[in-house]
Amino acid sequence: MAAAVRQDLAQLMNSSGSHKDLAGKYRQILEKAIQLSGTEQLEALKAFVEAMVNENVSLVISRQLLTDFCTHLPNLPDSTAKEVYHFTLEKIQPRVISFEEQVASIRQHLASIYEKEEDWRNAAQVLVGIPLETGQKQYNVDYKLETYLKIARLYLEDDDPVQAEAYINRASLLQNESTNEQLQIHYKVCYARVLDYRRKFIEAAQRYNELSYKTIVHESERLEALKHALHCTILASAGQQRSRMLATLFKDERCQQLAAYGILEKMYLDRIIRGNQLQEFAAMLMPHQKATTADGSSILDRAVIEHNLLSASKLYNNITFEELGALLEIPAAKAEKIASQMITEGRMNGFIDQIDGIVHFETREALPTWDKQIQSLCFQVNNLLEKISQTAPEWTAQAMEAQMAQ
């Protein structure tokens with residue numbers, strides 16, 4: 001049957017007639033090829049593609065028929081469709097400028113097949129082949145933005161944040177021109193994930209937190225975004241930015257539903273965190289967040305050591321490296337190095353006396369510390385009152401009435 005299709009195509013290519021008549025006859029041959037199965041179908045479709053890219057066929061007809069051809073292929077088995085897509089791209093390549101729209105459609109469908117197979121890199125590379133900026137066809141902003149975001153997401157799935165960042169940067173140039181709110185959300189999600197993968201944790205936390213307030217996003221996804229914001233904040237380097245983010249999250253009552261709330265509370269209240277308290281939280285982290293730093297410690301270990309060092313600076317006026325190392329559960333030399341780095345980067349106030357082996361912390365103002373402690377106490381009292389009202393609403397109502405009557 002494939003031979004019959006090839007013969008019909010050869011005869012039609014040498015015949016004359018109006019574009020409408022010829023297009024109708026080619027369409028009948030395409031329908032016949034689609035009806036076949038297995039190897040016969042594959043060979044017939046390849047013959048059809050060869051005919052369409054032949055220069056003897058009018059460009060008006062071949063574009064129209066290749067568009068129809070593209071609408072049929074998603075209904076075929078993925079293995080057949082994939083082979084036909086690759087064959088078509090290869091045959092079209094010498095005349096790719098004439099078939100830009102059809103090539104874009106083919107690449108989108110082929111990428112979808114690779115995505116179903118979880119072959120993320122090939123899916124991304126197929127989409128990269130669409131000439132969004134360099135081709136003759138003018139693509140609309142939403143199409144370009146959606147494609148760039150999809151490429152970035154696929155590279156993230158393939159654990160390649162460098163390539164993902166390159167395409168999210170291209171998307172960032174377009175996102176202000178788009179009025180599609182759903183695409184804007186996809187952009188923010190993808191950008192937050194790129195920052196997360198690139199270990200820019202505090203920036204990622206800010207993006208995730210912003211997403212957690214978007215009403216267009218489903219409630220469960222908003223809570224998921226809040227969870228990511230919390231995890232990234234915990235993993236971020238200690239300093240003013242992180243302290244502000246900890247305060248923002250601690251005041252957000254939704255965080256009390258999250259498994260990592262206990263760690264958030266300890267960090268916000270400047271309490272020392274021990275290694276054995278982190279096991280449950282460490283298990284929640286994504287693979288890229290479990291990576292090790294240059295000194296061999298994990299990202300989480302480093303973040304907690306820096307947090308504990310800041311907490312120690314609020315407990316002590318000065319401390320020897322040996323005592324500091326024991327407090328942080330690390331060697332004294334490592335404690336000195338981290339303290340030195342944090343002071344140099346302006347993330348902690350103090351100075352180091354290397355002769356005596358002591359780190360001196362600059363005294364903090366008492367008033368802001370008292371304010372923070374009072375704020376924390378009020379927050380805890382509010383939580384208790386809410387729990388009492390949930391458990392005994394009638395008693396709470398009576399108590400409130402009695403209070404108002406006084």
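Glycine too: its Cβ is placed from the backbone N, Cα and C atoms.
Taken from Swiss-Prot, the feature domain 'PCI' covers 197-366.
Feature annotation from Swiss-Prot assigns N-acetylalanine to ALA2. ALA2 (N-acetylalanine) has a Cβ environment of 17 other Cβ atoms inside 10 Å.
Of all the Cβ atoms in the protein chains shown, 17 others lie within 10 Å of the Cβ of LYS25 (N6-acetyllysine). In the three-state DSSP reading, LYS25 (N6-acetyllysine) counts as helix. The N6-acetyllysine annotation in Swiss-Prot covers LYS25 and rests on similarity to another entry.
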ALA2 (N-acetylalanine) -> DSSP, reduced to three states, gives helix
Between the C-alpha atoms of LYS25 (N6-acetyllysine) and ALA2 (N-acetylalanine), the distance in angstrom, to the nearest integer, is 16
Whole-number mean pLDDT, the domain 'PCI' (197-366), equals 88
